[in-house]
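Data block below; observations after.
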Amino acid sequence: MKVVVCKDYDEMSQKAFEVMKEVVTSKPGVVLGLATGSSPVGLYKCMIKDHEENGTSYKDVVTYNLDEYVGIDRSNPQSYYTFMKENLFDHIDIDPNNTHVPYGSTKEDCEGYEKELEKVSIDLQLLGIGRNGHIGFNEPGTPFDEMTHIVDLTQSTIEANARFFDNDMNKVPKQAITMGIGTIMKSKKVLMVVSGPEKAEAVKATVEGPVTTDMPASVLQNHPDVTLVVDEAAASLLSK
């Protein structure tokens, strides 16, 4: 696992973008696994700026998102489908038919998304991390071999996401559809972006702790190609 420590969120976003661009421009038809939340927004802004200023094209790029809430329509402003359109897809030259965000609430929906993923090979999977070490919506206790599945959100995750729902926990969906840890681990390269002191314990456990389902992100120690880009606050508890 390669750890890159940056001064702040903006530098973290720029460094992560450089890793992303290297993959995007490496060959035609690159497949990206994308994430939502506040962590990757700066990276997406860098991608948009580079597209506008340098003409980096995403016409041949194919994307698969990690997760989506269950029970809210794609047109809902808080859906991850809308998030991706507003924060990235509508501002670059990607073909909408090449963008995929999971949708549904049944086992069949999960199996359908997993089958789509089996047809491709994700060249780079972008991840954030939750305070409890979750990746995607894979909460502590999720088996490492789990594939795309429906998950009940933990209280801590509902509380953390309430800020996107008028700080009203009752408005936060209680379930999500997510790529499993087994799905994520099949990607060729993993790029994780993390900022803020509230994530420092999770970062330390991910990099230096035991590999355990109690800390889902710790499984990345077993992946052959992981780059973890963090700001100084998130890296503050690392011993090396």
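Any Cβ shown, glycine's included, is placed from N, Cα and C.
The Cβ of Asp67 (active site, proton acceptor) has 21 other Cβ atoms within 10 Å, all protein chains considered. Among the features that TrEMBL reports, active site, proton acceptor is placed at Asp67 (among others).
The active site, for ring-opening step annotation in TrEMBL covers Asn132 (among others). Asn132 (active site, for ring-opening step) carries neither a helix nor a strand DSSP state and counts as coil. Around Asn132 (active site, for ring-opening step), the same-chain residues at least 6 positions away in sequence with a Cβ under 8 Å from its Cβ are Glu139, Pro140, Thr154, Ser156, Thr157, Ala202, Met215.
If you look up TrEMBL, you'll see His134 (among others) marked as active site, proton acceptor.
Residues or ranges marked as active site, for ring-opening step in TrEMBL: Glu139 (among others). Under DSSP, Glu139 (active site, for ring-opening step) is assigned to coil, being neither helix nor strand in the three-state scheme.
TrEMBL lists 11-223 with the feature domain 'Glucosamine/galactosamine-6-phosphate isomerase'.
Cβ crowding, taken as the number of other Cβ atoms within 10 Å, peaks at His134 among the active-site residues His134, Glu139. On the 0 to 100 pLDDT scale, the domain 'Glucosamine/galactosamine-6-phosphate isomerase' (11-223) averages 96 in this prediction.
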